[in-house]
Number of protein chains: 2
Amino acid sequence: MSESYEEKAARLDAADELAKYREKFALDAGTVYLDGNSLGALPAHVPARMADVITREWGELRIRSWDESGWWTAPERIGDRIAPIVGAAPGQIVVGDSTSVNVFKAVVAAARINGDDRDEILVDATTFPTDGYIAQSAARMTGHEIVACDPADMADAVSDRTALALVNHVDYRTGRLQDLPGLTAALHAAGALAVWDLCHSAGALPVGLDAHGVDLAVGCTYKYLNGGPGSPAYLYVAERHQAAFDSPLPGWNSHADPFAMTPGYEAAAGAVRGRVGTPDILSMLALEAALDVWDGVAIEDIRAKSLALTDFFLECVRAYVPAGRVVSVTPDAHGERGSQAALSCENAPAVMAELIKRGVVGDLRRPDVLRFGFTPLYVGFADAEKAARVLAEVLADLPA
Amino acid sequence: MSESYEEKAARLDAADELAKYREKFALDAGTVYLDGNSLGALPAHVPARMADVITREWGELRIRSWDESGWWTAPERIGDRIAPIVGAAPGQIVVGDSTSVNVFKAVVAAARINGDDRDEILVDATTFPTDGYIAQSAARMTGHEIVACDPADMADAVSDRTALALVNHVDYRTGRLQDLPGLTAALHAAGALAVWDLCHSAGALPVGLDAHGVDLAVGCTYKYLNGGPGSPAYLYVAERHQAAFDSPLPGWNSHADPFAMTPGYEAAAGAVRGRVGTPDILSMLALEAALDVWDGVAIEDIRAKSLALTDFFLECVRAYVPAGRVVSVTPDAHGERGSQAALSCENAPAVMAELIKRGVVGDLRRPDVLRFGFTPLYVGFADAEKAARVLAEVLADLPA
């Protein structure tokens, strides 16, 4: 008798070395949470830490906490916690502001570093829209021209007019993983800088910022890094570019001597140069605590489990769902896949609403994409099987 | 027998209608906290609210909270809570990002609204430095020239070349209150826009944004509004300017239909246009809860108590401290005074360190200014008397 998918899931979960990390998160047995690519689950120890931050650090120490509780240095300290997850040596990442604001800093700074004889900025045409909106604004202000371009065509489109390219490492909609090493090398060969958006890859797969010579990068922390709703984003500036990094948002936190409060601006050395204003400490320290779950985790193990999960989910979908009701828009090839499965589907809004009602939480990308994110730290194979099974039930109950 | 200053403090505290608000804050009897102009004290109910936000809204509802817990609309909802405190009708304030980032939005947007034939931006020469750094960056990117100018001279300096002026309502160092109605009118008379920084006035005195015709304004929320360390700042765009408000940071949160995720940017109507990226929900909801303490409070009563407190503190300082050891740099005239007393003092760093050691928490502004902020919601007259008395003791114990 052949093994059922439920049995296979149980076997895979039993052999999963990462399965023990699930207990580090606040999860309920009734829900299959496949939206960690939008908002990561709550690490179970974060509430106690935040109670201490709020009642003792803010409530009792008050202003003294800027020094005594390490608030002031949090942006670069937490940056160094994120660094190994994205393959960066210390001193190149600062945390703060939103992804959009960091895209603005990165695009303007890259254009200034490399823009003297180059008047074009290539922007990933499949990007999460805010990157495109912000790049357009940056280009308007620096006098560059935006050229929208599919990442697959970028190696051909880059020229000696290209100052930089802004590319998403994983397409938020389809889950396609772009070729970061290859495209970075192609951009460099043409003298352009590579600015990568890691929102949908950091914490889900190896990025290798240093190893692949990425110039600048940005990312959010509330997806696979589980930092909490709207937790601050980060900015990576490769060490070799830091001295030339000329921020369009030179707030006092990036000053060489911020408490001198001199009228003239003098940029600090290092990654601190990417800071702007006073950091939002509550959100930032929740993120710092959330990063504790990464202690001892190798990103290669995360990647292996992620691919196994999406493989298994798509296998279950093919087995359970009548042919033609859904079409995977996520690439089959491992080298082209992030950590989500995206299925196009008729009547997708009603299907996702019903899935959520039945305890399988994915999300919708209008008009017709069902997104299921697989977070290896807390999603198991039984979750993947159940999600596919409930999807088949929902599709059977709803008219096509 | 004449009344002692301690007796007078007790009499004034007994008659103080706002004294009852002190119990709404987490304060300890041993500390006189006069640094609420840098970091406001913790409202006592905030920890329980944040525990619910973290464990239930994030931990249990997770992604559903963007709708079900009202996360998505928090920036404009909380803006409308701040509005009455600064004299603005609803629909003109959004909360989010740091003050520095909002200064950038406001200066660029004002320059675009009013910059076609005007190439100068006046900047308060006494401003908190970040405003000057950011205005300089904005001017560089919009092609304007920065002219640094003391607010007292601005009415004379404004001309038909002036696109806008950026002015601090209260000088962070000296505590001087600038003439917002008069200077706004003078700027308007010359066709310039008025952009005000309210960091050191909002929550301490009436601002009257609408009544005085202010064009744009920014402010932080962690001082007199007690929003918590690095809580998000806000941006005011007067309704008449909203249609022309052209943000340099057009992130997806300010799109007319953000979840359509279209490649082209189309700005939302109203104050929402000032949003950028995903808001930092933990910091934002701590601020929202903190604003509850303002229910039923009239800003005019805050102002009356603030002036009485700083008057009484300076009176006690004159009585207790030997002549010449400190010099008040805060104006005597009520119309020129914010809600802090600033004393220049030799050996100021050592004096402030010793004051803090003895339980009187003010702060230092290098090189020689002792700052004492008076937050009428939780500081009383006995605090003011004790602060002056301990200051005199410290000065007696330390060599001049």
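The count begins at 1 with the first shown residue.
Including glycine, each Cβ sits where the backbone N, Cα and C put it.
Feature annotations, courtesy of TrEMBL:
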BINDING   B:Thr99, B:Ser100, B:Phe128, B:Pro129, B:Thr130, B:Asp131, B:Asp197, B:His200, B:Tyr222, B:Trp252, B:Thr278  pyridoxal 5'-phosphate binding site
MOD_RES   B:Lys223  N6-(pyridoxal phosphate)lysine
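All features noted in TrEMBL, drawn onto the structure.
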residue: B:Thr99; record: pyridoxal 5'-phosphate binding site; Cβ within 10 Å: 28
residue: B:Phe128; record: pyridoxal 5'-phosphate binding site; Cβ within 10 Å: 22
residue: B:Thr130; record: pyridoxal 5'-phosphate binding site; Cβ within 10 Å: 27
residue: B:Asp197; record: pyridoxal 5'-phosphate binding site; Cβ within 10 Å: 28
residue: B:Tyr222; record: pyridoxal 5'-phosphate binding site; Cβ within 10 Å: 27
residue: B:Lys223; record: N6-(pyridoxal phosphate)lysine; Cβ within 10 Å: 26
residue: B:Thr278; record: pyridoxal 5'-phosphate binding site; Cβ within 10 Å: 25
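Chain A comes close to B:Thr278, taken from the recorded positions B:Asp197, B:Lys223, B:Thr278 by a C-beta to C-beta distance under 8 angstroms.
Rounded to the nearest whole angstrom, the C-alpha distance between B:Thr278 (pyridoxal 5'-phosphate binding site) and B:Lys223 (N6-(pyridoxal phosphate)lysine) is 23. In three-state terms derived from DSSP, B:Asp197 (pyridoxal 5'-phosphate binding site) belongs to an extended strand segment. Summarising the pyridoxal 5'-phosphate site geometry, the residues cited as binding it (B:Thr99, B:Ser100, B:Phe128, B:Pro129, B:Thr130, B:Asp131, B:Asp197, B:His200, B:Tyr222, B:Trp252, B:Thr278) extend over a maximum Cα to Cα distance of 31 Å. Rounded to a whole value, the Cα-Cα separation of B:Asp197 (pyridoxal 5'-phosphate binding site) and B:Lys223 (N6-(pyridoxal phosphate)lysine) is 13 Å.
Rounded to a whole number, the distance between the Cα atoms of the residue listed as 'N6-(pyridoxal phosphate)lysine' and B:Phe128 (pyridoxal 5'-phosphate binding site) is 14 Å. Each residue contributes its Cα atom, and for the residue listed as 'N6-(pyridoxal phosphate)lysine' and B:Thr99 (pyridoxal 5'-phosphate binding site) those atoms are 12 Å apart.
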